[in-house]
C-alpha cells in the first residue's frame, strides 16, 4: 500500500493540493483501511510501512540478531582495532611479509548474565506528531511525504517495542501523550516546519534501583511573553500530579528550555527533590538532570567491577610503601574515581572536569561515600589546562612515586597536547583508558601513547577488555591498560 501510494503521488505531483487529495482518495480502495485526511500543512498525512522495524533498525540495529551473534560481532570489531594498532607499530618487525604478533590478546566480551539488564535506567524521547497528525512522545524518523512542497517529514513512533525501554519510562511517555491528546495542554509539539509556534520538545526519564522516577520536560525556549509561565504551571499543576495518581513514584521534576545560543541553559527545578540517589556497587551517588551517569546501571556495575579487579591485581603492597596517586580525568559526578579509590591502594584521589555543576556533585558524592576530607580534590578545568599546567604541579606537590591516570573522555578522545603532557610526566606509570567508541581520535591517542617517538617514555599495552554496555547496538565499551 505504501509503494502504491508513493507511485500515485508521483504521478500527480503537479496537481494542486485539493486535486492531489481527490486523486489519492480515488486511487486507494475503501477496503484498504487507510486513514485518509484532506491535504493541509498539518498534520502529517502519510502511512509509513513497517515503522517499528525501521525505528528499531535505526536505534537498535542488532536487536533481530541472537545475543551470541551480537557479542561475536563486537569481539571482531575490537580484534580488528587491536590488529590495526599492531600493524601500525610493528609493521617493520614482521619478516618476510608475515603478520606481527598482536599487542595483546582480545578476551571474550564481558557482559552481565541474563537478559533483564537490557533495559536502561535513563531514556529520552521527543515530542512530535505521529503519521496521522496526533501528538506523540517517542522516537523520530524521516519519512517521505505526499504533501506538496514538503517531500520529507520528521514524524514520531512509540518506543515500547524497543528492548531497552524501561516499562516505567514507556508508561510516563504514554501519560504525556495522553496529556497532550486530551486537550489538557494549550501548547502543541514544536516543529520548525509545521508548528513553529509549538512548545513541547521532549522528555527525559531516569529511575534508580528503588524505581524512584526523575523527569525532565524539555520545551522550546523562544516563547511569547507569559507563555512560559503558563507552560510551567501546566507541568506543576496538571502533569506531575497525574503521574503521581498513576501510581508511579515521581520524586523529582525539572523543566529544560532549549536555547539557540552556545551558552547552555540550566534546568529549572519544579517538583520534589533536586536529585536522585543511585546505587553503584557499594557506593551511592547524587544524580541531577545533566549529570553524566551510565544509562545502564547493571552493565555499569560490570564495568566498574572489572576495573576494581584490574587495579587490585596490579597494585600489590610494596616495601617500603610507595606513595600512589589516582587521577580521575573527566570525572563528571566522580563515579569512576570514587568507585576505584581504596585507601589501601591509593593515598590521594584527584579529579577534574570542565563542568562546574558536575564538580560540585563530585564533591558532594565524595562526602556522601565517606571519603576522608584530606584524601580527595576536584578541579574545574578542561583536559588541556589540567595536563599542561596542573599535572606537573600535583606531581611535585604530593611527591608521588606512582600515578595511575583513569581516562574516560567523550567519544572524540583527547587532544594531542594532553597525550604529550601525560607521556612527559615521568611518575605516570599507568593509564586505564575507557572508550565507548575506540575508532577515530581515540585510536590516534592509543598510537601516541605506544609509539617510541614522542616526549617521555612510551607505554606498553598490557591488556584490553571489551564490555557490552549497549545491547542491540553496534557500540562496545573498551578498557585498555597501558603501563610503563
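Backbone N, Cα and C atoms are what each Cβ position is placed from, and that goes for glycine too.
The active site, nucleophile annotation in TrEMBL covers 436. Among the features that TrEMBL reports, S-adenosyl-L-methionine binding site is placed at 294, 330, 353, 408.
A map of TrEMBL features onto the structure.
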residue: 294; record: S-adenosyl-L-methionine binding site; Cβ within 10 Å: 20
residue: 330; record: S-adenosyl-L-methionine binding site; Cβ within 10 Å: 22
residue: 353; record: S-adenosyl-L-methionine binding site; Cβ within 10 Å: 25
residue: 408; record: S-adenosyl-L-methionine binding site; Cβ within 10 Å: 19
residue: 436; record: active site, nucleophile; Cβ within 10 Å: 17
Subject >> residue 436 (active site, nucleophile) and residue 408 (S-adenosyl-L-methionine binding site), distance between Cα atoms, whole Å >> reply: 9
**OP:** Quick one: pull the CA-CA distance for the residue listed as 'active site, nucleophile' versus residue 294 (S-adenosyl-L-methionine binding site), whole Å only.
**Re:** 11
Subject >> Other same-chain residues whose Cβ falls within 8 Å of the Cβ centroid of 294, 330, 353, 408, the recorded S-adenosyl-L-methionine site, in sequence order >> reply: 292, 328, 329, 331, 332, 335, 336, 409
Subject >> Largest CA-to-CA spread of S-adenosyl-L-methionine binders 294, 330, 353, 408, angstrom >> reply: 17
